[in-house]
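The next block holds one structure in the form of structure tokens; read it before the comments.
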Amino acid sequence: MQWLDAIIQGVLLGGMYAQYALGMALMFGVMRIVNIAHGDVMILLSLIVISLAGVLPLGNIGLIVVIVPIAVLLGWVLQKFILNKVVGADPLPSLIATFGLSIALQNLMLEVWSADTRSLPNSGIASASFEIGGIYLGVLPVLVLMCAVVLTGGLDAVLRYSRFGRGLRAAAADTEAAAMTGVDPKRIYAIATAIAVAILGLAAVFAALRATVSPSDGSAQLIYAFEAVIIGGMGSLWGAFLGAMVLGVAQAIGLRIDPGLGILFGHLVFLAVLATRPEGIMARKK
Amino acid sequence: MSSPILSTHALTGGYGDFQALFGIDLHLDKGEVISLIGANGAGKSTFLKSIFGLLPVAPDMVRFENAPVGGTPAHQMVRKGISMVPEGRRLFTGMSVEENMRVAIDNARMSEAEGPWSRERLFQLFPILKEKRRQPIENLSGGQQQMVAISRALLCQPKVLLCDEISLGLAPKVIREIYAVLPEISAAGTSIVLVEQDVTLAREASDRLYCMLEGRITLSGISQDISREAIASAYFGA
């Protein structure tokens, strides 16, 4: 029973990681842009949400409605003014540019918000729970997981069946050939990054509800997102979702063995996957 | 004579500091097929890329339908009515035959219903593609991939089609199959620029012929009127 509980809590934790990982799956897995500032952008959005909650009488839903457009704008600006200048066959320029951005963002956040940990005021939802067969489930984690499923399914369908999705996959496969076929790669990449950061906006609200955030937390979220994408397999959104579940369950099981082992267990499983199946669980055949 | 649909005027270009083209003057009339021949490194592909906005050139160096278009990004060139079958096919891996076609349809100058080219028509032209429409592009042979590349370019509904070495690396039988389609493309009103290394093929398939050597045009004229000796000296330099 204790282990079943660990697995279920792990899946719920995986829902949160899936939200971090989805934007990464789109940018790193599909577009092959390495965005080191991924976690920091999420933390920035969290801190903006927390500050907004202090001055505006908005409920949690209201905060999501406000932050997602801000995130879209942030993502579009990020792609238009930074990433489009470094995007190409070589992943190194985007890695260096976003590494710099990550450091700049962390210090900017320290300046504006100080190093204090903050979170959204508890509106009841963060501590609400219900019981099924002797296992207690938090309302918020279940909501997070449901959102992650809907987002993954929706985005996967967009990539598969929409005009935008085909254009993005074409540009990711061969940017120049896509341009020769009438796709404007820069525009389509800007939209894709805007979507990726919009999802981070949603994740930012949930992250600030379920735990505290501080300006230096971004790198941990970045690692979880990277690990989820790589465990699942590059280019597959459901793979990233599955990778996030694997990571969440590994951490939850590690935590039950010893409270200090949780995060280490996640990394060990990641290493095990890299060693035995480096292309990822659901990698598309090349 | 009416004004040409596509022309270049003292076009120079290259990669960064390396100049590969030294003043190319070339014109393509409506409905015409011209071929551009030359040895490896003569600058043929660089020339096509320069026309198509993939390499920087001055606006007046390329004129399309009497307007200066040099340096316009490739995706806007497609909207104007130029498309290209790139060297090495450059299909979108991880996508099916039909998805590759649909990327072109999504971004074409006009819809599949309005334009001369539709998937049905291309499936008639290349029946094997209909059979393989749901297959990932990686599962196709080189010749079949070339058919997809041509279909993709045609589904952009071009007025001018640029073909970069479409015979490269293919078996003679497959090359004949692919070249057999060119008259039908012409008949649909599309003008064609063929870049070729195979001189015989280029001469048979075109109305006029240009020969390039080291970034310059060394010979041009009506394909049937040019002697093999003239081509040989222009091709290799005398």
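Quick reminder: no glycine exception, Cβ is built from N, Cα and C everywhere.
As recorded in TrEMBL:
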- A:6-29: transmembrane segment (TRANSMEM)
- A:41-58: transmembrane segment (TRANSMEM)
- A:95-115: transmembrane segment (TRANSMEM)
- A:135-159: transmembrane segment (TRANSMEM)
- A:188-209: transmembrane segment (TRANSMEM)
- A:221-247: transmembrane segment (TRANSMEM)
- A:259-276: transmembrane segment (TRANSMEM)
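Stretch with the most C-beta contacts under 8 angstroms to the transmembrane segment (A:41-58), considering only A:6-29, A:95-115, A:188-209: A:188-209. Per-stretch counts of Cβ pairs under 8 Å to the transmembrane segment (A:221-247) identify A:6-29 as the leading one among A:6-29, A:95-115, A:135-159, A:188-209. Tallying C-beta pairs under 8 angstroms between the transmembrane segment (A:188-209) and each of A:6-29, A:95-115, A:135-159 places A:6-29 first.
Beyond the ends of the transmembrane segment (A:6-29), by six or more residues, the same chain brings 35, 38-39, 42, 135, 137-138, 141-142, 144-149, 151-152, 155, 192-193, 195-197, 199-200, 202-203, 206-207, 210, 221, 224-226, 228-229, 232-237, 239-241, 243-253, 255-256 to within a C-beta distance below 8 angstroms of the stretch. Sequence-distant contacts of the transmembrane segment (A:95-115), counting only residues of its own chain at least 6 positions beyond either end whose CB sits under 8 Å from a CB of the stretch, comprise 34-41, 43-44, 47, 51, 78, 82-83, 85-86, 214-216, 218-219, 222. Sequence-distant contacts of the transmembrane segment (A:135-159) (same chain, six or more residues past either end, CB-CB distance under 8 Å): 1, 4-5, 8-9, 11-16, 18-19, 22, 26, 30, 125-129, 165, 168-169, 195, 199, 202, 206, 209-210, 237-238, 240-241, 244.
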